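First the structure, in the form of C-alpha cells, and then the observations on it.
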Amino acid sequence: MSEVLRRANNALSSVKQYQSLLNHFAATQSISKTKALHCHVITGGRVSGHILSTLSVTYALCGHITYARKLFEEMPQSSLLSYNIVIRMYVREGLYHDAISVFIRMVSEGVKCVPDGYTYPFVAKAAGELKSMKLGLVVHGRILRSWFGRDKYVQNALLAMYMNFGKVEMARDVFDVMKNRDVISWNTMISGYYRNGYMNDALMMFDWMVNESVDLDHATIVSMLPVCGHLKDLEMGRNVHKLVEEKRLGDKIEVKNALVNMYLKCGRMDEARFVFDRMERRDVITWTCMINGYTEDGDVENALELCRLMQFEGVRPNAVTIASLVSVCGDALKVNDGKCLHGWAVRQQVYSDIIIETSLISMYAKCKRVDLCFRVFSGASKYHTGPWSAIIAGCVQNELVSDALGLFKRMRREDVEPNIATLNSLLPAYAALADLRQAMNIHCYLTKTGFMSSLDAATGLVHVYSKCGTLESAHKIFNGIQEKHKSKDVVLWGALISGYGMHGDGHNALQVFMEMVRSGVTPNEITFTSALNACSHSGLVEEGLTLFRFMLEHYKTLARSNHYTCIVDLLGRAGRLDEAYNLITTIPFEPTSTVWGALLAACVTHENVQLGEMAANKLFELEPENTGNYVLLANIYAALGRWKDMEKVRSMMENVGLRKKPGHSTIEIRSNSVDTR
C-alpha cells in the first residue's frame, strides 16, 4: 500500500490520473486502497470537486454507503455520473426514500444536471418499491417530456413500476407502445400478471411471446412455471418443461426448483420426484419444496426420509424446512421424530428462530407432551406473539383451561401484543369455561382493542356465549356482523346453529340454517352436523330426517360418518332402533365407532339387548381400549337383571387392563378457575 501511495505522490500531477486510479479501485472493489488514496488526497491538499465526485462514485461502487453519502453531500456541485451512481447505490441497498431525495436534488439543479436513460430506470424502481403511484406518474411524465420515452430500458422499468402498483392496464399500455421489446419486457409482463393474480393474462402473454419467436431465457421459465402451478394446468406445465429441455435452459437450479414446485402444485408428486432425483445440484429451497410437498400430501414417511437424506448430503436446513417437518410430526403424533428434529435444529444453530420455536410448541402439544411445550416456551423469545399463541393453543388442546387463561394474563402483563391468532387460540378456553362473567370480560377486551372487527374473533365469541347459554348475546353479535362485514361466512352461521342445538332449541337452529341457505351461503359438513344434532337433541325426528334427505339429495358429497351418527342418535332417542340399525346397513362406507356408539347408547336407554350386543361387539373390534363401551353393555345387562352377563363384561375389562377414567369439573373460587378431579 505504501508503494502505491509513493508512486501516487510522484506521478499524480493531474485530476485525470487520480480518476484513473480510482476507477481501477472501483473495478477491483478495493475499499482499503480507496480509503488510503482518499487520505492521501486530503493530506496532500489535492481536494477538488472532480476528485470528490470520483471518490464518491468509487465508494458507492464498492458498496460503502456511509462514505459515499458523506462525500456526495459535501460536494458543492455533483456530476451526472455521481448522481446516477449514488441513486443506483441507494436503490440496490433498498434505501428508496434516499434515492428519491437525491433525484429531487438532481432535478432542482435544472439544466446543469439533466436525468438520462441511466437515471430513470432506478428512479422508477424506487417509486415502484415505495408503492407511490403519485411519484410514479411524475417520473413517467418527466420521461415522456425527455428524449428517453422510447428507450427500452426505461420502458422496461416503467413496466415493472406499474406492475408493482398493481396497475396492470397501465403496464400493458406502456408495453403496447414499445417498438423495441426484449426478453426482459416479456418477462416483466408475465411475472407482473402472476404477482397481481392475472393468471390467464400471463398465459396469453407467454403464448404471444412464443408465437413472436422471442428467445426464452431462464427468467421466462421461472416466471411462467408458478402460473401453471397456480392454475394447476399440468398440460401447460409439461409444455414449458419440454421447452426447458429443447432450449437447454435447465442448467440453473432456479429453473429446476420452479419445475419441482410446479409439479407439486399440480399434485404430481411422482413427476416432481423425477425432476428432483435427476438434479445434479440441490439447494435448501429444493429440499424444502419436496418436503413440503410430501407433508401437504400427508406422506409423513417420505417427508422424514428426505429429511434424513438431506442431513446425509450435508445440506444446512433453514427454519422453514425444519418447521414444516416438525408440523407434520405433530399432525402424525410422531413425538420421537419430532424430538430428533428438535435436536437437529439445535445442532444446525437455527433453533432460536421464532418459526421453529412456535412449531415445536405446537408439535409437543399435539403429542400430549405439555411438559416439553413449557420447556421450549421457557427458552423461547417472549417478545414475539408466535410462541405465546402456540403455548396458549397447546393448553386449550390439552384441556388446561386455567393455564391458558393465566398465560394470556401474563402475556398482557409483559406488554406482548396478542394478535388474532392468539385470540382464536384463546376463545375456546373461555367456551370450555362456560363462565358468563369471564365471557363478558373477554368481550369487553375484544371491543376495546378493536378485535371485534375480525370475523374470526366475532365467531369465537358467538361460540363462547352459546356455551354459556346466553343465546341472546350470541345472536346479537351475529346480527352485528352484518353491519361490519356485509356478509357472514359459513363458520359464523355454524357457530350460531351449534349454539341453539346444544341447548335443545332445534326450531331456532333449523330456522337459522334455512336462513343461511336462503342468503346464498353454501352449508358445509360442520353446519349439517350442527343442524342434525340440534334436531336430535330437540326430538325433532321428522324435521331431522327431512334435513338429512335434503343433504343427500343436494349435497351428497358432504355426507360423512358423523351425519349418519346424528341420524342414528335421532332415531335411537325416539326408540326407533330397528330403523337406526337399517340405516347403518345402508351406509356406503364402513361404519365408524361413533355410529355404533350412538346405537349402543340408544340400546341402553331402551334396554334392547339384542342390538346392544351387536353394537358392542363391533365396538370391541374397532376400539378395544375404550372402557365406555364395556360400561354401556354392562349397564344394559344390569337394567335387565342379567347380573352374570354384567360380571362377564366387567371381567373382560379387567382382563385387558382397562379402568374407567375418573371425571373432573371446573369451579370458580374468588374469580379463579380451579380444576377438581
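Backbone N, Cα and C define each Cβ position, glycine as well.
Annotation comment: Swiss-Prot describes 595-670 as region 'Type E motif'. Under the heading repeat 'PPR 1', Swiss-Prot lists 48-78. Among the features that Swiss-Prot reports, repeat 'PPR 2' is placed at 79-113. Under the heading repeat 'PPR 3', Swiss-Prot lists 116-146. Residues annotated as repeat 'PPR 4' in Swiss-Prot: 151-181. As annotated by Swiss-Prot, repeat 'PPR 5' applies to 182-216. Annotated repeat 'PPR 6' per Swiss-Prot: 217-251, in sequence order. The repeat 'PPR 7' feature in Swiss-Prot is assigned to 252-282. According to Swiss-Prot, the feature repeat 'PPR 9' maps to 318-352. Swiss-Prot lists 419-453 with the feature repeat 'PPR 12'. According to Swiss-Prot, the repeat 'PPR 13' annotation covers 454-488. Positions annotated as repeat 'PPR 14' by Swiss-Prot: 489-523. Marked as repeat 'PPR 15' by Swiss-Prot: 524-554.
In terms of DSSP secondary structure, the repeat 'PPR 6' (217-251) contains 27 helix, 0 strand, 8 coil. Within the same chain, residues 117, 120-122, 124-125, 127-129, 131, 133, 136, 139-140, 143, 188-189, 191-193, 195-196, 198, 201, 214 sit at least 6 positions outside the repeat 'PPR 4' (151-181) and bring their C-beta atoms closer than 8 Å to a C-beta of that stretch. Helix, strand and coil counts under DSSP for the repeat 'PPR 4' (151-181) come to 24 helix, 0 strand, 7 coil. Mean model confidence for the repeat 'PPR 1' (48-78) is a pLDDT of 64.
Under 8 Å from some Cβ of the repeat 'PPR 13' (454-488) lie the Cβ atoms of residues 420, 423-424, 427-428, 430-432, 434-436, 439, 442-443, 446, 495-496, 498-500, 502-503, 505, 508, 519, 521, all in the same chain and six or more residues away from its ends. Within the chain, the repeat 'PPR 6' (217-251) has long-range Cβ neighbours (under 8 A, six or more residues past its boundaries) at 183-184, 186-187, 190-191, 193-194, 199, 202-203, 206, 209-210, 258-259, 261-268.
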